[in-house]
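According to TrEMBL, the protein has these features:
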TRANSMEM  34-54  transmembrane segment
TRANSMEM  61-84  transmembrane segment
TRANSMEM  96-118  transmembrane segment
TRANSMEM  139-158  transmembrane segment
TRANSMEM  178-200  transmembrane segment
TRANSMEM  220-243  transmembrane segment
TRANSMEM  263-282  transmembrane segment
Amino acid sequence: MSGQHGQMMPSGPPYIPKTAGYGGRPDKGVDVPISSVFIAIFFTLAVIHMALFARNRRRGHFFVFSAVVFGFCMSRIVTFSMRIAWATHPRNAQVAIAASVFVAAGVVLLFVVNLNFAQRLLRAYHPRLVGNKLFDRGFLVYYISVVLVLIIVITTTVQSFYTLSAHTLNIDSSIRKFGIIYFAVFAFAPIPMLLIGNLIPSNTPRQNFGKRGDLTEKTLIVLFASGILIFTLTETALSTALRAATSFMPRPATDPGWFNSRASFYVFTPLLEVVVVAMYAATRADQKFHVEGNFERKRAAESGENIVETSEKA
């Protein structure tokens, strides 16, 4: 009897999920080489963005988002390293947990970067928003809320590996669905914000910012990134739709849907993320979206230079 009972009960905790996840369960022969390629690509992009950050900083030009994008690239290196580990240790539930968490967590950094660029453009469209505490605090609260939702989603994701309770799993699933919707709104937000900001007339002339490019060029960059991050809820939305599908239309691990496939995962997540990150470097977002802050003013004061003050905050 005890032997039969042992066969009926799954080993764990943690337990391997019975439903198919986004990207499916990795295969050693397929996922290891593909993941290795993306590790190399993200490593190259990480080096580029950190080099831009360091060079600009030495010149008294502090653009923190180059470092943020560097952090995103490093998180994706960890993501695909964990996917390789999962492919080589398919029965290791702890590795599966880590791989699932890193897939969801990294993309939030790109959301923050793109939304902040949109925030700076709104100030340029409507200079009266410069220094507006309500405007700035509203964005700050939104950023904090996204981090809190991400923590909750990660917590429920991990918890789902450690319980067999149907009630608890349903609650975890509902929370993750809410998180997906919240992230989708966050990913799409720059598009309506910029469109509405352009349509609303301003009492003061528009003020360009940054060291390169005009407002039209900068607007197109943000809209393009949002349109891609629309194809990659990450970045922005078909990937979100795909992730939503895995949560709202769960399929058994033995019969995954097309939205669970490796192809949809690699095309609509890392590949499109690479496009966005490479675009930020190629278009020199570090020059176009820069605004002078305390760092530049301090460097200018130390060197005795006169600079044009910009009251915009990063």
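Keep in mind that glycine also has a Cβ here, set from the backbone N, Cα and C atoms.
Contacts between the transmembrane segment (96-118) and the transmembrane segment (178-200): present, as 3 or more C-beta pairs lie under 8 angstroms, all at sequence separation of six or more. Counting Cβ pairs under 8 Å to the transmembrane segment (34-54), the stretch among 61-84, 178-200, 263-282 with the most such contacts is 61-84.
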